[in-house]
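Q: First the structure, which I've put down as structure tokens, then a few questions once you've had a look.
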């Protein structure tokens, strides 16, 4: 590239002076005209001939006269060169003598650019037209040595060699180099470097190394650039020992290494999966006096990420920060890409946030890694929302990002939104390609809109894009998935007619599509109908079985084919193994694993890990260990993930001695444990010790283990993540060390980690376990404010905590030790209710909401209470227990406000009256059947939010079991109990309501 830049610059310079050159050349041409007219007088005045006159004069010119004029211009090399070229353009036949003349002039002035240009045109010319060969010219130039010394010869040889190299004529260039050796002439080291560099760029590494090794034979002393090129060539050849030898030879030769020397050496090590060795070289370089380049950090981190040694890569990242440097975007990009590829979205996002906090700007490439990770994890809704969030922040997305989001929308069935995104992309000046259109076609096929899919094909053809075999395969799969078998078969014939040789893949897509569409029998028939079945067709059938969740059928077919000597595609075998593991068919999975063992290329570390994980999940730790040991027997080193899977398995089985042995083995092999490894080890031990909390020695042992792991993590520079903190918080909550749990929660946030739903749930559980509903609700409020949506576990934990607190109040009331709670409890509960109201209002917003979708609320209240205490709203559900004039009035108000009203009565006649005459949406007889709990669940499946006690204890008990998390209570008396001498459980409602709402 630098050579091209110099050439362009020089051409520009010549162009600038072209007017002056033409003027002087015209005088020279005029002199030629004069010479042709009167050869006896060189001093005669001359006139400038026009083009026609020049042509006439050229007929009378000979080499002697041209050489004579060129010699007269020897002090004006540019004019001489221009004249030489113009004569050639007008048809003058230059020979060796005239070439020698202009070469001597150019060499005397040291104009290498003109000399290279001259020789470049000479090489391009036909020897028959020239009348002489290049070798003949070289022999003539060699004669200059005796007259003018080696200077001119060296310039000619260098220029000629560069000309050959520029034209890619490497054999001729090397012959030139050898020719100089035979002439006892030492070539220029810069020309040799130019040759070696071009050979490396063109991938001719053996030739490059050969030239380097011959340099000393020519009497040349390599300079730092030569050594750098040699290291580069050896590294690309994977000859790392030779590269190390060159690296050492530089020191012996007294040649100072520069930053590029170290960088290409480190890059060579990293490119051959020796990134840790590259890191050691980096540290040695940093400690030396040689100039250091921070780019080397990028090279090492990228290398470690390519090897998926992500813990080690983070160690290097921490090292950068320790040096007082801010890691660059390439460091972060490599790590985010690697974690995204590994499916560790949490880590990728944490690094992204860390990058932004350091002031390093993100870009569309980094965002695309995270989007693709979300897509591969099936979190498709988040892809679109994250895309919109970054778009609002001003990130300019490229075509790749748009395609990822389009693909996510298509898989969600939102094909029209994907089509709108394609239009948006075009409006922003981005050009959709075949991939984008194929993605949209796939989306229409997934939702069964095949007419629209065909319309997209017509559109893309209209824009100059011809569908390829991938597009046709998508369409064939769509036809098959939607039961259009005939259309799919016609498409196969069309693909054949188009001359697309990979029509077998189209057949395979039809097989898979039929299986996914639930037409497994049709897929089997289609496979049977194929005349020339190939292993790929059977592979497609196995993949189709797996997609259609007929995994055992797939395994049976594999076994039959394998016994018949049919070897299937690696992808199909791995998909079958993955499906067997996922569905818990571990016995069949292990049989398949042992069958594939002799096929070295089939089983990689990913499938070993997958099988080990499945075996550990079902508790078959011994079989998992056999898989692990098999990997080791192959002479391969398990990675951190494999070790972590086994440690997790042993920890779950309470085999902690074996788990710690594996941890030590892991470190002895040079595999650095990551935070996940320590987390599963700690979690396993803590879960077993939680079962023996009464044993104080177990508690002390757990505390010692926690301290030990923390110290070791610090030594290994394994930074705790959210999962690690969650495990510890959960542990301390179960030990009732709530303050320590709160401190851990604070430490996590201070460290820049964002708690997730599980972390909040663990701490929430700790508050509820102690009956501290105030802080539990406050924490719940905080979680919602952070944009985290509680899952069912979180809601259940909070509900259980609230119920437990009420039971505690009830026991205190019964014992006479009850103290009225402070208003803060009422305030916090009302806060939760308000938050849930807002959430539900957003959820049920819009006219399409049905009554059955509305939230279930029970109102058992007279008219006055309804008017004064309840905020009835449209689409709420009202349940009225027992018939009373005021209750009927309350029900009528609720109906007018658009509520869904459910009534209960004590007879069939009354139930019929409620439904037919009084307009109730539903009604039931609470006296029929003994299971009121089931009855309430049937009529109020979403639970009870508001309860008013007025009548029946029997109904009250069932209602208490069906209360939702954010229920409300209104007290209006216990009418059915007024005349009883002994109250059964009348205090229940009074105490609960008193505890929450006070007076």
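One is the number of the first residue shown, and numbering goes on along the chain from there.
Just so you know, glycine gets a Cβ as well, placed from its N, Cα and C.
The domain 'Alcohol dehydrogenase-like C-terminal' annotation in TrEMBL covers 892-977. Look at TrEMBL and you will find 188-222, 223-257, 293-327, 328-362, 398-432, 433-467, 468-502, 604-638, 639-673, 721-755, 756-790 tagged as repeat 'PPR'.
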Q: Determine how many residues of the repeat 'PPR' (721-755) DSSP places in helix, in strand and in coil.
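A: Grouping H, G, I as helix and E, B as strand yields 26 helix, 0 strand, 9 coil.
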Q: Averaged across the repeat 'PPR' (293-327), what pLDDT does the model get? Just tell me the whole number, please.
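A: So the average pLDDT across the repeat 'PPR' (293-327) works out to 92.
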Q: In terms of Cβ proximity under 8 Å, which residues at least six beyond the ends of the repeat 'PPR' (223-257) contact it?
A: 189, 192-193, 196-197, 199-200, 205-206, 208-209, 212, 215, 264-265, 267-269, 271-272, 274, 290
Q: Can you say which of 398-432, 433-467, 721-755 has the most Cβ pairs under 8 Å with the repeat 'PPR' (328-362)?
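A: Most contacts with the repeat 'PPR' (328-362): 721-755.
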Q: Pull the DSSP breakdown for the repeat 'PPR' (293-327) and write it out as helix, strand, coil residue counts.
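A: Split into helix, strand and coil, the repeat 'PPR' (293-327) gives 25 helix, 0 strand, 10 coil.
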Q: Quick test of the contact rule: Cβ under 8 Å, at least six residues beyond the ends. What residues does that give for the repeat 'PPR' (398-432)?
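A: Cβ under 8 Å, 6 or more out: 364-365, 367-368, 371-372, 374-375, 380-381, 383-384, 387, 439-440, 442-444, 446-447, 449, 452.
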Q: Mind checking which residues of the chain, 6+ beyond the ends of the repeat 'PPR' (188-222), have their Cβ under 8 Å from one of its Cβ atoms?
A: 3, 154, 157-158, 161-162, 165, 168, 170, 173-174, 177, 180-181, 229-230, 232-234, 236-237, 253, 255
Q: Going along the chain, which residues at least six beyond the ends of the repeat 'PPR' (639-673) come within the CB cut-off of under 8 Å?
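A: Residues packing against the repeat 'PPR' (639-673) from afar: 276, 308-309, 311-312, 315, 605, 608-609, 612-613, 615-616, 619, 621, 624-625, 628, 631, 680-681, 683-685, 687-688, 712, 716, 718.
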